[in-house]
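Written out below as structure tokens is the structure these notes cover.
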Amino acid sequence: AWKCLPKDSTCGDDCDCCEGLHCHCPLRNMLPAILRCSCQSKDDHINTCPKYKKS
């Protein structure tokens with residue numbers, strides 16, 4: 001079965017991360033060549049993946 005990625009795991013988008021986490025890319029605007037995104041749990045961000053939307 002598919003499992004979500006825990007905090008600090010490298011990710012491609014919010015859907016890779018577990019609910020409550022979001023895929024954070026701190027270097028997105030500075031160094032695209034070494035882009036490294038990771039699942040984080042910052043309070044001011046939410047996971048926007050459709051699979052976690054509450055019905």
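Residue numbering: from 1, along the chain as shown.
Just so it is clear, glycine is given a Cβ too, placed from its N, Cα and C backbone atoms.
Look at Swiss-Prot and you will find 1-53 tagged as domain 'Oxytoxin-type inhibitor cystine knot (ICK)'.
Cβ neighbour count for C4 (disulfide bond) (all protein chains, 10 Å cutoff from its Cβ): 18. Secondary structure from DSSP puts C4 (disulfide bond) in coil. If you look up Swiss-Prot, you'll see C4-C18 (among others) marked as disulfide bond, on the strength of similarity to another entry.
Annotation comment: Swiss-Prot describes C11-C23 (among others) as disulfide bond. Annotation note: C11 (disulfide bond) sits in a coil segment as assigned by DSSP.
Here Swiss-Prot flags C15-C49 (among others) as disulfide bond, drawing on similarity to another entry. Taking all protein chains in view, 17 other C-beta atoms sit within 10 angstroms of the C-beta of C49 (disulfide bond).
Annotation comment: Swiss-Prot describes C17-C39 (among others) as disulfide bond, evidence class similarity to another entry. A strand conformation is recorded for C17 (disulfide bond) in the three-state DSSP classification. Taking a C-beta cut-off of under 8 angstroms and a sequence separation of 6 or more, C17 (disulfide bond) has the following same-chain neighbours: C4, L5, S9, C11, C23, C39, N47, C49.
According to DSSP, C25 (disulfide bond) is assigned to coil rather than to any helix or strand. Marked as disulfide bond by Swiss-Prot on the basis of similarity to another entry: C25-C37 (among others).
Positions annotated as serine amide by Swiss-Prot, on the basis of experimental evidence: S55.
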Across the domain 'Oxytoxin-type inhibitor cystine knot (ICK)' (1-53), average pLDDT on the 0 to 100 scale: 84
C18 (disulfide bond) to C37 (disulfide bond) - Cα separation in whole Å: 14
Rounded Cα-Cα span from C15 (disulfide bond) to C25 (disulfide bond), Å: 14
Site with most surrounding Cβ atoms, counting all protein chains shown within 10 Å, from the disulfide-bonded residues C15, C18, C25, C37: C37
